[in-house]
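**Q** If you look up Swiss-Prot, you'll see C417, C423, C463, C467 marked as [4Fe-4S] cluster binding site. Sequence annotations record features per position, and here Swiss-Prot assigns siroheme binding site to C467. Taken from Swiss-Prot, the feature region 'Disordered' applies to 1-22.
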Amino acid sequence: MTTARPAKARNEGQWALGHREPLNANEELKKAGNPLDVRERIENIYAKQGFDSIDKTDLRGRFRWWGLYTQREQGYDGTWTGDDNIDKLEAKYFMMRVRCDGGALSAAALRTLGQISTEFARDTADISDRQNVQYHWIEVENVPEIWRRLDDVGLQTTEACGDCPRVVLGSPLAGESLDEVLDPTWAIEEIVRRYIGKPDFADLPRKYKTAISGLQDVAHEINDVAFIGVNHPEHGPGLDLWVGGGLSTNPMLAQRVGAWVPLGEVPEVWAAVTSVFRDYGYRRLRAKARLKFLIKDWGIAKFREVLETEYLKRPLIDGPAPEPVKHPIDHVGVQRLKNGLNAVGVAPIAGRVSGTILTAVADLMARAGSDRIRFTPYQKLVILDIPDALLDDLIAGLDALGLQSRPSHWRRNLMACSGIEFCKLSFAETRVRAQHLVPELERRLEDINSQLDVPITVNINGCPNSCARIQIADIGFKGQMIDDGHGGSVEGFQVHLGGHLGLDAGFGRKLRQHKVTSDELGDYIDRVVRNFVKHRSEGERFAQWVIRAEEDDLR
């Protein structure tokens with residue numbers, strides 16, 4: 001009798017196991033040279049010789065490490081989306097992402113962002129759900145000058161994209177919130193100072209997202225690594241460690257490691273978690289290269305063991321979990337701060353602003369004596385340090401710019417990605433559609449708005465990658481081309497319902513074969529929200545109702 005040999009484990013490109021040979025084009029690109037080195041070529045060659053001089057491997061690969069993607073060529077609908085059409089879809093202009101770690105900016109930095117937009121980006125500026133600012137229509141010839149101006153106010157595009165540590169999310173009210181367990185600003189600044197733009201973590205298997213906050217206002221459950229404020233019964237204020245979150249086409253919620261980390265050790269523990277990902281993360285398939293897949297295969301117990309024994313060389317302290325929140329904390333409206341002054345949070349529709357608006361906000365801040373503004377993980381902005389006597393004038397000035405501190409349910413709770421306007425991956429219009437959808441919903445649902453005592457979030461994404469977090473929205477829309485009923489296709493969306501973070505965190509319920517066209521979004525939202533109001537129990541949240549609702553009420 002012959003005994004079968006055990007199958008040989010497949011090479012997943014894990015460095016710690018000796019698998020260093022590149023297994024795909026992206027890994028080959030990184031092995032050929034540190035992507036960060038492309039900055040010198042941008043400054044000394046491409047900016048001087050123009051777009052046509054750019055090497056394709058730099059253009060479609062290494063430029064990402066400096067926050068640069070080519071934007072979508074105008075005039076191509078969703079039927080053109082896909083790698084086969086990249087040469088047609090690739091415009092000679094760039095999206096530039098400016099990282100704003102912790103979302104924190106001075107008035108001077110905000111003014112500089114506004115000036116860059118009006119001078120170099122055709123007055124475009126969008127606040128992303130990762131506290132970044134994104135420009136469009138950037139020409140490579142202007143990139144060095146933009147970098148110089150950003151550097152003058154302490155901002156950068158370094159590793160804003162690419163297989164590296166992206167912007168670190170932080171609380172918009174860090175250091176000033178009356179509800180925070182502690183202020184982790186030091187840890188965010190220290191991580192950026194020690195590790196961003198350095199070779200240690202410039203070659204990770206895939207993107208790597210971090211959130212650090214003294215309260216639960218950074219969507220920590222969908223980050224690769226997160227530290228969330230919690231009080232330990234013996235050791236006092238510290239942070240609870242989470243790992244393995246992420247959405248896209250295979251969404252997973254982060255899991256608690258079960259460890260309490262004192263503030264002073266956060267940068268060290270962050271670097272250790274990042275090192276585990278760098279060394280053990282899967283590099284064979286891009287679609288399975290995020291940390292969440294390693295966590296899924298290993299489990300938390302093994303991950304913690306490797307983290308402690310191989311990297312930290314010491315055990316972590318066991319700690320309690322923070323109590324989950326019922327609703328997103330978006331900091332919209334007026335809030336009292338620790339320093340006795342006020343914060344004013346406003347809601348541009350789907351994060352869309354402009355250089356003109358950002359400059360005008362900087363002017364309003366100057367008149368109110370404020371030098372601090374924060375972007376939020378929900379595409380909002382918050383101005384800090386406003387005295388009571390100047391509050392009404394500031395709010396009136398913001399209202400005049402279309403930035404409402406008392407927004408409707410729909411203006412406050414709708415998010416969208418860049419969409420087909422600029423993104424080469426998108427099948428559908430999203431952010432532009434949102435500008436029309438919000439006023440439509442405000443008008444159509446005016447008669448029942450007073451009955452909505454819970455938020456209903458609406459997230460619109462142009463493709464399956466979920467930059468706008470469709471799976472954790474009450475109502476999520478995933479862009480795709482759908483059958484128009486006449487043998488052709490039209491821009492539309494797959495519907496996800498009932499996603500939620502915090503208490504009862506989970507992903508949306510995808511309705512079988514239910515899709516809506518872009519033109520039908522208002523009709524669909526009107527219908528399902530009215531069904532919710534009609535059939536909900538007292539105090540029931542939308543996500544709770546969706547679980548038990550009849551499918552006909554969700555269509």
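Including glycine, each Cβ sits where the backbone N, Cα and C put it.
Relative to the rest of the structure, where do these features sit?
**A** DSSP assigns C463 ([4Fe-4S] cluster binding site) to coil in the three-state reduction, outside any helix or strand. Taking the Cβ of C463 ([4Fe-4S] cluster binding site) as reference, residues of its chain lying under 8 Å away and at least six apart in sequence are, in sequence order, T81, C417, C423, L425, S426, F427, A428, K478, G479, Q480.
Cβ neighbours within 10 Å of C467 ([4Fe-4S] cluster binding site), excluding its own Cβ and spanning all shown chains: 23.
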**Q** Could you find out if DSSP has C423 ([4Fe-4S] cluster binding site) as helix, strand or coil?
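**A** Its secondary structure by DSSP: coil.
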**Q** Give the number of CB atoms, excluding that of C423 ([4Fe-4S] cluster binding site) itself, located within 10 Å of its CB.
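**A** There are 24 such Cβ atoms around C423 ([4Fe-4S] cluster binding site).
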**Q** What does DSSP say about C417 ([4Fe-4S] cluster binding site): helix, strand or coil?
**A** coil
